[in-house]
Amino acid sequence: MMKRQFEDVTRIVIKIGTSSLVLPTGKINLEKIDQLAFVISSLMNKGKEVILVSSGAMGFGLDILKMEKRPTNLAKQQAVSSVGQVAMMSLYSQIFAHYQTNVSQILLTRDVVVFPESLANVTNAFESLISLGIVPIVNENDAVSVDEMDHATKFGDNDRLSAVVAGITKADLLIMLSDIDGLFDKNPTIYEDAQLRSHVAVITQEIIASAGGAGSKFGTGGMLSKIQSAQMVFENKGQMVLMNGANPRDILRVLEGQLLGTWFKQIEEVRHD
């Protein structure tokens, strides 16, 4: 029987999606953010190095500006995200401070990690922050990112961004929190007999074909982007856990080896009992 072993994991990237931070009503889930800050601070106190990739700028902005739905106009989307990013970081800073943990903000665009000079700079920034015991909180710089073909600077969504961050920081593990329990063999919202995949060693065409669907009205990510992120993690010889973010304390249980979520790790590196 395969056993998850995370004893040697030191550097962890945790990605949390908008659906985990914003309630269905559009209000901010303060309890969830507090639990997340507690878990990350606890890990830091145990000697772990944690980087948080956080969506939510759009959700926070919609809440602050009392908007019912995401604007369709790009400029307005960027404006809402810009307002929301400030509010989100302010809240993170306040709540993490309660646990005596300092945070910083890193906003990225895709071109930053494409060019060697800027990639070296951002890598050094991560290393400096981590060495100071600070939790870098990463998001895409939505206010300036564009996806036009002649000057594409968007990552697409924060699922992919988290995989990129895990790669450039050489993280031991990416934990992706979502509103789903993990990867199923078929759509659990349609098929009652859908089974959760505990371990995925190879991203097959069958898995890619079965993944799809849109994210929530507040976010952009779906299952396909999570599968693509796992593929990126595999290319960097890393590992990833996709799990439900309803209870952030489950992160601690996963690191203890409990079989929550779906573990993405290539088979040649898997240990057996």
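The backbone N, Cα and C atoms fix where each Cβ goes, glycine too.
Per Swiss-Prot, substrate is bound by Ser55, Asn158; the candidate from Asp34, Asp142, Asp172 named for the same site is Asp142. In terms of C-alpha distance, the listed binding-site residues Ser55, Asp142, Asn158 place Asn158 closest to Ser225 (ATP binding site).
Taking every pair among Ser55, Asp142, Asn158, the residues recorded as binding substrate, the greatest CA to CA distance is 11 Å. It is Ser225, among the binding-site residues Ser55, Asn158, Ser225, whose Cβ has the fewest other Cβ atoms within 10 Å in the structure shown.
In this structure the alpha carbons, written CA, of Asp179 (ATP binding site) and Ser55 (substrate binding site) are 13 Å apart.
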